[in-house]
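Quick look at what Swiss-Prot lists:
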- 138-148: compositional bias 'Pro residues' (COMPBIAS)
- 159-168: compositional bias 'Polar residues' (COMPBIAS)
- 190-204: compositional bias 'Polar residues' (COMPBIAS)
- 276-296: compositional bias 'Basic residues' (COMPBIAS)
- 314-325: compositional bias 'Basic and acidic residues' (COMPBIAS)
- 334-350: compositional bias 'Basic and acidic residues' (COMPBIAS)
- 454-535: domain 'SAND' (DOMAIN)
- 583-674: domain 'Bromo' (DOMAIN)
- Ser175: phosphoserine (MOD_RES)
- Ser177: phosphoserine (MOD_RES)
- Ser244: phosphoserine (MOD_RES)
- Ser256: phosphoserine (MOD_RES)
- Ser380: phosphoserine (MOD_RES)
- 131-216: region 'Disordered' (REGION)
- 231-385: region 'Disordered' (REGION)
- 525-529: region 'Nuclear hormone receptor interaction' (REGION)
- 281-294: motif 'Nuclear localization signal' (MOTIF)
- 428-444: motif 'Nuclear localization signal' (MOTIF)
- 534-580: zinc finger (ZN_FING)
Amino acid sequence: MFTMTRAMEEALFQHFMHQKLGIAYAIHKPFPFFEGLLDNSIITKRMYMESLEACRNLIPVSRVVHNILTQLERTFNLSLLVTLFSQINLREYPNLVTIYRSFKRVGASYEWQSRDTPILLEAPTGLAEGSSLHTPLALPPPQPPQPSCSPCAPRVSEPGTSSQQSDEILSESPSPSDPVLPLPALIQEGRSTSVTNDKLTSKMNAEEDSEEMPSLLTSTVQVASDNLIPQIRDKEDPQEMPHSPLGSMPEIRDNSPEPNDPEEPQEVSSTPSDKKGKKRKRCIWSTPKRRHKKKSLPGGTASSRHGIQKKLKRVDQVPQKKDDSTCNSTVETRAQKARTECARKSRSEEIIDGTSEMNEGKRSQKTPSTPRRVTQGAASPGHGIQEKLQVVDKVTQRKDDSTWNSEVMMRVQKARTKCARKSRLKEKKKEKDICSSSKRRFQKNIHRRGKPKSDTVDFHCSKLPVTCGEAKGILYKKKMKHGSSVKCIRNEDGTWLTPNEFEVEGKGRNAKNWKRNIRCEGMTLGELLKRKNSDECEVCCQGGQLLCCGTCPRVFHEDCHIPPVEAKRMLWSCTFCRMKRSSGSQQCHHVSKTLERQMQPQDQLIRDYGEPFQEAMWLDLVKERLITEMYTVAWFVRDMRLMFRNHKTFYKASDFGQVGLDLEAEFEKDLKDVLGFHEANDGGFWTLP
């Protein structure tokens, strides 16, 4: 389990937003996903009932789930993920397992980052203040020591550590990577001073004898990885403090020059160092031998610097030699390239001249070749080319007639073989085209029979899963509207591709028509591009504010559809789609049984075939009774036939009466198909008493 933080919750929410479409397509059936959300009070009873009704109305389950997830974004919390990835859901929807693992990876990554956050500790900052003042220290996570860095200070667990523990920490041996530099012995807050006054040293020695050293704030000393830098620091140390009777004395140094006045050390101790802001703190336990050696340092420092400069010069000379060698190699390669280009040009010129000489043939034999005149004094590159041409002409003239005749015969034979091969290839291509066309027709028929259109895919969604051979991806409709040259398909690796590139990835060399090869659940992309929603109402054939059906391209006004459509509902299926679904499984019943039952929603919508006629019955009254669900089947059929009968009697002598008769015949035909009953009398229509 992970400890939930604000950052982790935000990361899980962003990951939920990205994986929302994948979750929707992973859930392929309503039960038990909807029931789990309802039992855990994540969705309301009303949302649950609307979702089930949408699934019954042939709305794809994936689109219903996507609609639920978008509404749950406002109240996102950890309980939603717990319910979503429960053991029951993971068992019923296997595709959720990969999405669940991705959420676990996000939580694990943020849990690891929370472990690596710095820990705030407090430690005393001053010598005289002891543990009264504390400053927080951010200690990084433990890392393996590197040769270029000095060992880090140990972790301070309590602010009031004893003086013995601080002495033990200070007396630890340094790491083998930095044997020259000792650990700092005495550190003040923010500054280091060089002490040269005898009074100040005596005061410090007295304080050391009288009082114990308080716990000190350990710090790290930045040391370069080069071996020369510690030597330079040892050699460039300033003069040593005067000898004290106590033997060892902690020395505090600064890069600033030594003061001349006796009052300056106090002023220097109160001002920070000016040179690069670096603190150089060392504790040197001086002995008479070391002091004697250090007094003779000023002369040795110059020699050490001189040696360092020599080493640096040697290091600089090595890359210079390498650069010279690389320059020489590049010059040689350029010269070789120039030579090869000249040789190629001369060979091509010889071949061209030879072919021209062979083509002329008889002319060269009959007329003696006259040498070309070359003007003297032409100092240009063309002069050398003309000389080469003369040499080539002489060589070609010496060729025998036999060789020329043999070459001509070889060329004729090659031309004949090429023509024969081309004719054979053309015949083979024609045969292949005929066979492939017949095979394609046969394969098309098989493909259409074997892969029917899927009812679970919402083709009106902005993202559609597409396939082409072995390649799989998601098509984004908004990007597809800008043209087929736009990268609108994202494959499984996350790369964006155009339809042609996606087809090449799936089909390889056989990619010829992306509209036919790219498919979405049994439908080609070309068929999906042709499907567009109508701009007119299916009932009244007028425009305005229309509502689109979720399963077909029909549109309706809110009042034209029976029953009326709620404008707030986004997922619904029209009555025509429900009629189509029920007509396939409709059984044929007798008239008496059919007329006795109550009208159902799919029975209430019959096409409006005529203009309203206000006599004894009119269409508005029929529509009102259908909306209020007052009709039985017999009552509805009687009102409709009464309206046709009145129309027939009113328009006897006009051609408009024949239109009413045709509409009546069409109505009776649709009535049989929708209600599913057969007539007992074969002659004429069945009439009510």
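Yeah, the Cβs are placed from backbone N, Cα and C, and that goes for glycine too.
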Worksheet item: By a Cβ-Cβ criterion of under 8 Å, what residues six or more beyond either terminus of the region 'Nuclear hormone receptor interaction' (525-529) are in contact with it?
Response: 459, 464, 466, 475, 499, 514-516, 518-519
Worksheet item: Per DSSP, what is the residue count of the domain 'SAND' (454-535) in each of helix, strand and coil?
Response: 26 helix, 21 strand, 35 coil
Worksheet item: For the motif 'Nuclear localization signal' (281-294), what's the model's average pLDDT?
Response: 44
